[in-house]
Amino acid sequence: MSLPKSVLVTFALALVACVVYGQNQSQVSSSCMGCICEASSNCNSTLGCSTPYPGGYFCGPFLISFAYWTDAGKPVLQHDNPEKKGAFENCVTDLYCAADTLRRYMKKFSSNQNRSDCNNDGVIDCVDFAYMHLLGGYGCKDPSIVTTDYFTKFQTCWNVVNSAKPSS
């Protein structure tokens, strides 16, 4: 990894950590969230919504779909209404609300060990959250995910994060 890329990854992780600092982290660490954000969009916090294929509609730095947001309980910005037109886009294009959406989604889908151990290693961890984020909480066990650009970016980021952790 070149120095500029590692600086960008570190910045993305710091940005997400700042956004979620002081919140109940549930089960998704800020480092994990940062790597999922990096893998999704290079953690582009100015990203709007796009339709990459017919029927697909993804928004914000985590590229969250309407169904994902709905499964997460339709979190909204303060004083917004989840049933109001535009509430989905307003939330998932805001880094704080998008991070809350991801955290809620993972909390919902990580409660069942058999369903949420996506890579079948016996542990539910950030790698499983990365699988769930891309493949969905209802069917995250597709091993071909490791061949995607998304997973390559995630794994590179996660390796950097883990190599920076002090050894015990």
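Note that Cβ sites are derived from N, Cα and C of the backbone, with glycine treated the same way.
Bear in mind that the values here come from a model prediction, so they are computed numbers and not experimental data.
Reviewing CYS91, CYS97, CYS140, the cysteine that TrEMBL connects to CYS118 via a disulfide bond turns out to be CYS140. For CYS37, the disulfide partner recorded in TrEMBL among CYS32, CYS43, CYS49 is CYS43. TrEMBL records a disulfide bond between CYS59 and CYS49, which is the match among CYS35, CYS49. In this structure the alpha carbons, written CA, of CYS37 (disulfide bond) and CYS91 (disulfide bond) are 15 Å apart. Neighbour counts were taken at the CB atom with a 10 A radius for the disulfide-bonded residues CYS37, CYS43, CYS59, CYS91, CYS140; the maximum falls on CYS37.
The local packing around CYS118 (disulfide bond), expressed as other Cβ atoms within 10 Å of its Cβ over all shown chains, amounts to 25. Put simply, of the disulfide-bonded residues CYS32, CYS49, CYS97, the one whose Cα is nearest the Cα of CYS118 (disulfide bond) is CYS32.
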